[in-house]
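Q: Structure in structure tokens, see below.
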Amino acid sequence: MAERKLLVLFGSQTGTAQDTAERIGREAKRRHFHCRVEALDSYPVAQLIQELLVVFVCATTGQGDPPDNMKNFWRFIFRKNLSPASLCQMDCAVLGLGDSSYPKFNFVAKKLHKRLQQLGASPILPVALGDDQHDLGPDAVVDPWLLDLWGRILPLYPLPPGLGIISPDVLLPSKFTLHFLDERSSGCDGEAARQATSELHPFAARVVSNLRVTAESHFQDVRLIEFDVTGSGIEYSAGDVVMIQPRNAPEDVQQFCQLLRLDPDRCFVLKPSEPGTPLPAHLPQPCTIQHLVACYLDICCVPRRSFFELLSWFSPNELEREKLQEFSSAQGQEELYSYCNRPRRTTLEVLCDFPHTTCAVPLDYLLDLIPRIQPRAFSIASSMLALPNRLQILLAVVQYKTRLSKPRRGLCSTWLASLRPQQEDVRVPLWVKRGGMKFPMEPDTPIIMIGPGTGVAPFRAAIQERVAHGRKGNYLFFGCRQKSKDFYCGAEWQELVKSGHLTLFTAFSRDQEEKIYVQHRIRENQGLVWDLLSRGNAHIYLAG
């Protein structure tokens, strides 16, 4: 009989594809498969030729791009020198997660499905295309597709004699167990030896300044934040992106620990429940509960359906358990959407709404229940040629109202805005990634930049870089509401205009009766724009 091994590989940007992959992993365990769930770029791709049964779960980002954690795999799988029989012994299935409001809907899944067949793999099912735009979200496609998938896999890989499918009424073991140590926090969360800066080894950059660049009377709080990256080995160019690993607010950490009756100073090590399960790469060993809750568990994210499903297991209270089961059922998805997604209710708020259940959650299940805090990406708003060993970002603090009484706040922007570098030594974990914007190397090529609001950030970096190289032909269309309230870096632009390094067009939409936006300024200057494009071979860039 064929070996009952299943590999589930995912490419995920926001965590949805990972959540779905882990769901497939749990369903595989109920069917007694030896199952591994891994990000595509964590898997040694050359071993793929030995795999017999693989399910791929892939999101599509931006304009048909693969997620960051499958970019290396994507480059490898499309190499021209791969043999058409490379994957001839593989049975595979591809599940795509996308958004049909984008032109390249589920482009990555469609292209991967086709490429796997070109390399000799046998598809068990047609590619599935989950859609965020559906009333029930991707689950409208995922639920029936998974039923079909197991209907096809089990005849190929029958259950071992004497074993049946583990009932949904049985709780599967947690992925990890927490083993508490005798010592308290003093010996925990130690700094590892300094390594090249990356997502696994972020650089703890000192915050130099945190300046509000909008008027105090303006509704939107926007910050220009500067970091010192001396000694990090970080190098970047205009158009690159800085990734920042945020942390939860101290009051949220305290509330979470109180709800679950956790001692923040207790120290633990993680042990995998099954041999071969890799430990979470971003968590130190040993670790304190304080570090786990503050820096790792995303207690402020909007929880997914799988959260309610697992939480319902621990409920000693019948009313709470029934509600949680309803939220995790296929029929309860509309109600879950109106309770959770529409008002953007956080995991912490849900735990407060189910107090009997929350205080009964076993600690070993915390990492199954709550995902890791995802890093946030910001366009770098400075050039190393103008500011050596420094890195700046232009950040709008996210805050908005829903029907919940407490305003919704962006986790990362609220944390960064709260930092007070003039009062204490403040450090932020960060690393740099190559961006999608590349500016021309030729000194005579003009660039037209359209950057309303904080969209101007990468263009500030580009202008600083080009001015340092003595390149002229910099044209910027900038738009905001009012010249006196949110004209970011206005004095800086005026100086560059004076010195002849910049041609600036501004649109202050609320400074006159009729609203004027950047597109009006482009139309007014259509002759110049066309001349730059047709005769000057100008490059045009747009950032929002």
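Keep in mind that glycine also has a Cβ here, set from the backbone N, Cα and C atoms.
What TrEMBL shows for this protein is this:
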type    : residues                                                               : note
DOMAIN  : 6-150                                                                  : domain 'Flavodoxin-like'
BINDING : 12-17, 59-62, 97-106, Asp132                                           : FMN binding site
DOMAIN  : 200-440                                                                : domain 'FAD-binding FR-type'
BINDING : Arg344, Arg376, Ala377, Phe378, Ser379, Gly410, Leu411, Cys412, Ser413 : FAD binding site
BINDING : Thr454, Ser509, Arg510, Lys515, Ile516, Tyr517, Val518, Gln519         : NADP(+) binding site
Q: Fewest neighbouring Cβ atoms within 10 Å: which of the binding-site residues Ala59, Ala377, Val518?
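A: Counting other Cβ atoms within 10 Å of each of the binding-site residues Ala59, Ala377, Val518 gives the minimum at Ala377.
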Q: With an 8 Å cut-off on Cβ-Cβ distance and a minimum sequence separation of at least 6, pull the same-chain contacts of Tyr517 (NADP(+) binding site), or say none.
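A: In sequence order, Pro452, Gly479, Ala507, Ser509 meet the Cβ cut-off.
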Q: Counting only other Cβ atoms and using a 10 Å cut-off, which of the binding-site residues Leu411, Ile516 scores lowest?
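A: Least crowded of the binding-site residues Leu411, Ile516, by Cβ count within 10 Å, is Ile516.
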Q: Across the domain 'Flavodoxin-like' (6-150), what are the DSSP residue counts per state (helix, strand, coil)?
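A: Result for the domain 'Flavodoxin-like' (6-150), in helix, strand, coil order: 58 helix, 35 strand, 52 coil.
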Q: How many other Cβ atoms are found within 10 Å of the Cβ atom of Phe105 (FMN binding site), counting all protein chains shown?
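A: There are 18 of them.
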Q: To the nearest Å, how far is the Cα of Gly15 (FMN binding site) from the Cα of Ala377 (FAD binding site)?
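A: Pair distance, Cα basis, whole Å: 15 Å.
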Q: At a 10 A cut-off on CB-CB distances, which of the binding-site residues Ser379, Ser413 has the highest count?
A: Ser379
Q: Give the residue from the binding-site residues Arg344, Arg510, Lys515 that has the most other Cβ atoms within 10 Å of its Cβ, counting over every protein chain displayed.
A: Arg344
Q: Non-local Cβ contacts of Thr454 (NADP(+) binding site) (under 8 Å, 6 or more apart, same chain)?
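A: The list for Thr454 (NADP(+) binding site) reads Val222, Leu394, Leu395, Ala396, Tyr488, given in order along the sequence.
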